[in-house]
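Quick look at what Swiss-Prot lists:
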type: MOD_RES; residues: Thr15; note: N-acetylthreonine
type: MOD_RES; residues: Thr15; note: phosphothreonine
type: TRANSMEM; residues: 69-93; note: transmembrane segment
type: TRANSMEM; residues: 134-155; note: transmembrane segment
type: TRANSMEM; residues: 178-200; note: transmembrane segment
type: TRANSMEM; residues: 255-275; note: transmembrane segment
type: TRANSMEM; residues: 291-312; note: transmembrane segment
type: BINDING; residues: Glu367; note: [CaMn4O5] cluster binding site
type: TRANSMEM; residues: 447-471; note: transmembrane segment
Amino acid sequence: MKILYSLRRFYHVETLFNGTFVLAGRDQETTGFAWWAGNARLINLSGKLLGAHVAHAGLIVFWAGAMNLFEVAHFVPEKPMYGQGLILLPHLATLGWGVGPGGEVLDTLPYFVSGVLHLISSAVLGFGGIYHALLGPETLEESFPFFGYVWKDRNKMTTILGTHLILLGLGASLLVLKALYFAGVYDTWAPGGGDVRKITNLTLSPSVIFGYFLKPPFGGEGWIVSVDDLEDIIGGHVWLGFICVLGGIWHILTKPFAWARRAFVWCGEAYLSYSLAALSVFGFIACCFVWFNNTAYPSEFYGPTGPEASQAQAFTFLVRDQRLGANVGSAQGPTGLGKYLMRSPTGEVIFGGETMRFWDLRAPWLEPLRGPNGLDLSRLKKDIQPWQERRSAEYMTHAPLGSLNSVGGVATEINAVNYVSPRSWLASSHFVLGFFFFVGHFWHAGRARAAAAGFEKGIDRDLEPVLYMNPLN
């Protein structure tokens, strides 16, 4: 009878296995992991693990390309993107592809090209993944020492980290190049309701860029999520690209210091936990960005933010009632506060009613109506443009609320439509994924630390009923 569990203390989860179906070096007996443990079987097979990662990248890129083409096939130019359940085309539009003034889609060819390029790339990655998983060398150390590694080799691990940082830095630089030289990006703040423009006056001041990191995350401060200026966003990517490339070169050229060697656990599962922690942070930040920020995620493509939809409703009814003869500057609401306008805690003129809680909102359709002390009464009476009225009425009925089963909008809003905002989808999905990755970080970090400390004994399986049942085969 074959051994039912490995004696290696860190291979702790074992199941019965079918001895007739064996892949050399990838079965439970040789690796200590059952088939369902996935890539854990490949921990010490760098060539096969490379195949798994390349194939995984192929699946990711295939989804991007296929979903991109699916959205193009279903796209209706007459309707806004956020009213069609799109999550990929808004990203392409934000980069300035295929859109013009006001976010109007002028050409869908760039979207089609993007989808096809991703599909072709996924085929290349897929072939590479299959080759390395099935045909290539099991380990890279002998044939390709530059690409080979041992998990405990601290110097090699930081070299790999450095390579990744350089690639990330180059990725950030691609956005900078697109914004500066290749037709520009979409700026929701461009006069008259947004347009594609080249960025000509980058913000490179470290006090401005790093000032965002020092802001508190609360209220109108909003940490880095509060950025509302494309010059700052692109300038931030210049800094990001520079720091990542510089950090990458540093990690390639240097060996870990003694304090780092002592502080970190140096094994595959520990690196997995570090990666999961980083991805978790990315997920939470992306959640906040897509929910609150209407500059990096323009409302023309993603729909209004929650505060934006609320303020749009107040603005829409102010316009209507002002036309009907209401004196919006002095009308009193049912609570004794201003019905249409009131004062904020700092004395600025803001919209009255329930939307007072969102008085911090900044939006391109509203800012032209502000003066030095908040909303300017004379501008509200004389300067409201038709495009501002249209946009606020549209945003009012497309709040990013509702459940994810397509019953959306404000529950009490009689003009709401059956609609779920991409902001709802993207924010909630990234929060959930970020949370799962956070838990995964703790799980794998705990296992790695326990194994390093020498007390990871695993689960005692001796009394499990399944061990006394007949094999399935």
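Glycine too: its Cβ is placed from the backbone N, Cα and C atoms.
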Highest-contact recorded stretch vs the transmembrane segment (134-155), from 178-200, 255-275, 291-312, CB pairs under 8 Å
255-275
At a threshold of under 8 Å on Cβ distances, which of 178-200, 255-275, 291-312 pairs most often with the transmembrane segment (69-93)?
291-312
Sequence-remote contacts (6 or more beyond its ends) of the transmembrane segment (255-275), Cβ cut-off under 8 Å?
43, 151-152, 154-155, 157-158, 440-445, 447-449, 451-452
Measure the Cβ-based neighbour count of Glu367 ([CaMn4O5] cluster binding site), defined as the other Cβ atoms within 10 Å of its Cβ.
11
